[in-house]
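Here is the structure we will look at.
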Amino acid sequence: MPADPREDATIRAPVNESVSETPYTESSSTATPLNAAEVLSVTDEEKAKIVEKYLVLPDNASSVSGAADSNTLESGKNDMDPSVEGSSISIADDEESYQGPHHMQGGAVTEDLYRWAHHNRPRRPRSESMNLPISSSIDMSTDRDLMKQPGGFRRSYIRNQTVDQGKVPPRIMLTFVDFLMLYGHFAGEALQEEEEEEEEADEESAHLDRTIPGLAYGYEGAGNAETSRLLQDTQVPCKTIPRRMHGEASVTEAVLMLLKSFVGTGVLFLGRAFFNGGMLFSIVVLSGIAIVSLWSFLLLVKTNLKYPAGFGDMGGILYGPRMRNAILFSIVFSQLGFVAAYAVFVAENMQLLILSISNCERHLSTGFLIFLQCLLFLPLSLVRRLTKLSSAALVADAFILMGLVYVFYYEIETLAKHGLADVVLFNHNSFPLLIGTAVFTFEGIGLVIPITESMKEPQKFPRVLTGVIFGIMILFTAAGALSYAAFGSKVKTVVISNLPRDSALVQAVQLLYSLAILLSTPLQLFPALSIVERGFFKKSGKHDRRTKVGKNLLRCVVVVVCEFCAWLGASDLDKFVSFIGATACVPLCFIYPPLLHMKGVAASRREKVGDMILFIFGIFCIVFVGAQSISSMLEKSEPDKGVVCIPRT
């Protein structure tokens, strides 16, 4: 608005400032365009400084502001202890220093803009006006929620003590929650629900007491006043969670997250897998699958370092949308395959548990128990916020660890008492089933990219991954060999079924392990349901009831289909697991990574030949192992006599 020359006013010219303070370049007076993310990152104080440069202010406006600041400094030096550097107390009347635009024609029209710029200028509200020396040992990021967590004050004390000793303070991190958030970034894909992001953003903006449309969204710097809490809530929209994890995880934390990714229920299937392959053949094949999987993982990491995107997005960048859709389909297929296999696992365990507790008087079929699980998972599948699953998943990890420890203890005790069971070095009848189960056990590629991106030093991840893979290779080989050596040809598909059913401790292990799988299943469903939902629906259902209902129905249909597949494969769980490993896990592990690396990274002929060899190996596994698994499931066998239960006398 041009100034009236008759009024005693001057136009303040824009002052060149650094790029970090304003969205202007130093060499140009024109504004640099900002995208939505950059606008959200600019505080109201910075916006007010930008706006104020182009406002028509009285001559004494700047002098009033400057005098106020000067008086504040001087009074602080006189009133406070001079030995305390930088300490001051400033209390200024906001309305007294405000100069409105009423000295100009039509000033009342823009009075709200002037008042907003004045209220949001850089200043200290009374609740934050005391500037005392801030010790570096105080963690300014600590908020109420973190302090409420168990051990919150202890972590704060340890951090402050470390800083006082001149050492680098440890990063305060809820490791399990960070690991849980990786499922919202599964395979590098942003899977957080759009309406949940909007809901949390609405919660953030609900505290606003003043904004100007187009200038402020109210995320920072809007509303600090005398009524502000000293420890603010730090609710961050879901969309920012993955960014906040980037560049923070240490090597130790990456190792722990990788162990959580790979060590799970699959280890319980290895005893039967060793029976299918034979002791010597199984050890060789399992070690070979581990090395080939590591090779494939490293190829994916190298590709991701050059093309920092999700698994599917890298396929889209290098090969187009069809490759992206194929990768996402494989992710969905593998996750739903895991859920189906786990449903059968839980049904068999609960069947044995009920027989043991009821002294063989009550027998429930696996089909009925799978149906009950379906009823449980239907409402859980509608959960779209990962943090709501954190407690259940944490309990599940604890139960799984307890179950594995007891199984290993009982197997070692059995070997010590009875010696080596009947084992063979090579089983020529069912050895292909071992390959599919081994791939199923080592499948963890979906979390490789998120863990890489979460590390402070991503270049160290290949060494970390190599060490972890060799460690779990030894663990899995020992677990399978131990189960097969202890029980021989009588080893069950799930080794827990070999434990004595009349023991109260065994019953407790069966119950806890079944509960662990039930609690972790929603976490396995989350990536698959999110990808399927985004494939069918392009917009949020927050403001569209029909879209919301459609999304919920789609999730329910996916769960029902998954449980139906579990019912179909319940009679031959070991063959079903091998089929899932060959058809769902092999493409993710042995086909897509070499294709991406060959197109985007491989420069030498040697690298391309290696990628092609791995690709051919993946095709062989799908065709040969998949066909053998299907043939084994379809071939006629003796009728299932059910579970043999001997009543206690």
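Every residue gets a Cβ built from N, Cα and C, even glycine.
What TrEMBL records for 1-10 is compositional bias 'Basic and acidic residues'.
The region 'Disordered' annotation in TrEMBL covers 1-32 (among others).
Residues or ranges marked as compositional bias 'Polar residues' by TrEMBL: 17-32 (among others).
Residues or ranges marked as compositional bias 'Polar residues' in TrEMBL: 62-75 (among others).
Under the heading region 'Disordered', TrEMBL lists 62-85 (among others).
Residues or ranges marked as domain 'Amino acid transporter transmembrane' in TrEMBL: 248-630.
Sequence-remote contacts of a segment are chain residues at least 6 beyond its ends whose Cβ falls under 8 Å from one of its Cβ atoms, and for the transmembrane segment (281-305) they are 188, 270, 273-274, 311, 314, 425-427, 431, 434-435, 438-439, 442, 445, 448-449, 452-453, 458-459, 461-462, 465-466, 469-470, 472-473, 476-477, 480-481, 484, 589-590, 593-594, 596-597, 600-601, 611, 614, 617. Annotated transmembrane segment per TrEMBL: 281-305 (among others), in sequence order.
For the transmembrane segment (326-345), same-chain residues at least 6 beyond its ends with a Cβ under 8 Å from one of its own Cβ atoms are 186-187, 189, 265, 268, 311-312, 315, 366, 370, 373, 440, 443, 446, 494, 514, 517, 520-521, 524-525, 527-528, 531-532, 535, 558, 561-563, 565-566, 569-570, 573, 576-577, 580, 583-585, 587-588, 592. Feature annotation from TrEMBL assigns transmembrane segment to 326-345 (among others).
TrEMBL lists 365-382 (among others) with the feature transmembrane segment.
What TrEMBL lists as transmembrane segment is 389-410 (among others).
Same-chain residues lying 6 or more positions outside the transmembrane segment (430-452) and placing a CB less than 8 Å from one of its CB atoms are 182-183, 185-188, 242, 249, 254, 257-258, 261-262, 266-267, 269-270, 272-274, 276-278, 281-282, 285-286, 289-290, 293, 296-297, 300-301, 304-305, 310-311, 331, 334-335, 341, 458, 461, 465, 472, 476, 527, 574-575, 577-582, 585-586, 588-590, 593, 621, 624-626, 628-629, 632. Among the features that TrEMBL reports, transmembrane segment is placed at 430-452 (among others).
Annotated transmembrane segment per TrEMBL: 464-487 (among others), in sequence order. Beyond the transmembrane segment (464-487), the same-chain residues lying 6 or more positions past its ends with a Cβ under 8 Å from any Cβ of the stretch are 251, 254-255, 258-259, 262-263, 267, 270-275, 279, 282-283, 286-287, 290-291, 293-294, 297-298, 301, 407-408, 411-412, 414-415, 420-421, 423, 441-442, 448, 455, 495, 498.
Under the heading transmembrane segment, TrEMBL lists 507-532 (among others).
Residues annotated as transmembrane segment in TrEMBL: 553-570 (among others).
Only residues 6 or more beyond the boundaries of the transmembrane segment (576-597), in the same chain, are considered here, and those with a CB under 8 A from a CB of the stretch are 269, 292-293, 296-297, 299-300, 302-303, 311, 314-315, 318-319, 323, 326-327, 330-331, 333-334, 337-338, 340-341, 344, 432-443, 445-446, 493, 569-570, 607, 610-612, 614-615, 617-619, 621-622, 625-626, 629-630, 632-633. If you look up TrEMBL, you'll see 576-597 (among others) marked as transmembrane segment.
Among the features that TrEMBL reports, transmembrane segment is placed at 609-630 (among others). Within its own chain, the transmembrane segment (609-630) is flanked in space by residues 292, 295-296, 299, 432-433, 435-436, 439, 575, 578-579, 581-583, 586-587, 589-591, 593-595, 597-598, 602, which lie at least six positions past its ends and keep a Cβ under 8 Å from the stretch.
Within its own chain, the transmembrane segment (553-570) is flanked in space by residues 336, 339-341, 343-344, 347-348, 366-367, 370-371, 373-374, 377-378, 381-382, 525, 528-529, 532-533, 536-537, 576, 579, 633, which lie at least six positions past its ends and keep a Cβ under 8 Å from the stretch.
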